[in-house]
């Protein structure tokens, strides 16, 4: 029988949680982060950096709490983009077979299972470069079905036009994911079918529609340390910065151009998590792809550095992820709670109670 978090969570006084609150954005940080300033943080002695990150984290978030989100590929493969890390590109021979958009019943069944296992946010990914309006209409039906289960919803569908973002907002979408992937200076080494500015434009359309932003990047694609600093600076300088910041460690999939990239030094990955926490104190910093290759000790350091969200479930789109039992056991060993918790700053509660 599969364990759930309720099996291992210590009893605590009930805290009323309101799932759906009016959309608001966190206040932008005073000033901007230069790449040099971010690099100086990354270069701090490791223990000093973790101490600073944990101090910032405790100023803004309850200690020991982690958001559980589940990610489902609702339309797999056949993408015309050439992102060098992605096994869903039609340009690469990775063994991924293109599949049509899942039905409402299929998605509802998956979302209900995720909710029953402890997830509070359900993310739906579709391998499109840019969805057509008829696709947006169908995804709207999926959003409504998932929200009917009492879960927060997130979608990642590719580039959006302003009217499409408005339609998703009208369907009840809470979050939209659109990653920057890396620093602008390194971006063309990773993908050539979409401009960096197009990513920024989609983020603007999402923000203007009143949808919360989920935006992060990938570490381990052959980038230099300065490019990691550049990515964090780009994210932190978005006005306002994203409510959710997923940090991925490259999963090297055979058949993709980046399959032979050198592995990321685990402590370097922890450093990126720590600097994301310091520069974006009220964001959910999410451990995303690559957790399966980290091990418990590295994940524990990431939580210490300020990560407070994970993708929960045995698959992320088409790549592996630790199974639910493994995550339940890890959180229990660390004395952490996988539950819905808000930022300790009252004006930010509506964004950070996923």
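Just so it is clear, glycine is given a Cβ too, placed from its N, Cα and C backbone atoms.
Among the features that Swiss-Prot reports, domain 'Radical SAM core' is placed at 64-282.
According to Swiss-Prot, the [4Fe-4S] cluster binding site annotation covers 79, 83, 86, on the basis of sequence analysis. Residue 83 ([4Fe-4S] cluster binding site) carries neither a helix nor a strand DSSP state and counts as coil.
Per Swiss-Prot, [2Fe-2S] cluster binding site is recorded for 123, 154, 214, 286, and the stated evidence type is sequence analysis. Look at residue 154 ([2Fe-2S] cluster binding site): DSSP puts it in a strand. Of all Cβ atoms in the shown protein chains, 25 besides its own fall within 10 Å of the Cβ of residue 154 ([2Fe-2S] cluster binding site).
Secondary structure at residue 214 ([2Fe-2S] cluster binding site), as computed by DSSP, is strand. Annotation for residue 123 ([2Fe-2S] cluster binding site): spatial neighbours 69, 70, 71, 72, 153, 154, 155, 156, 175, 177, 214, 311, criterion Cβ-Cβ under 8 Å with sequence separation of six or more.
Counted over every protein chain shown, other Cβ atoms within 10 Å are most numerous around 214 among the binding-site residues 79, 214. By neighbour count, meaning other C-beta atoms within 10 Å, the densest spot among the binding-site residues 83, 86 is 86.
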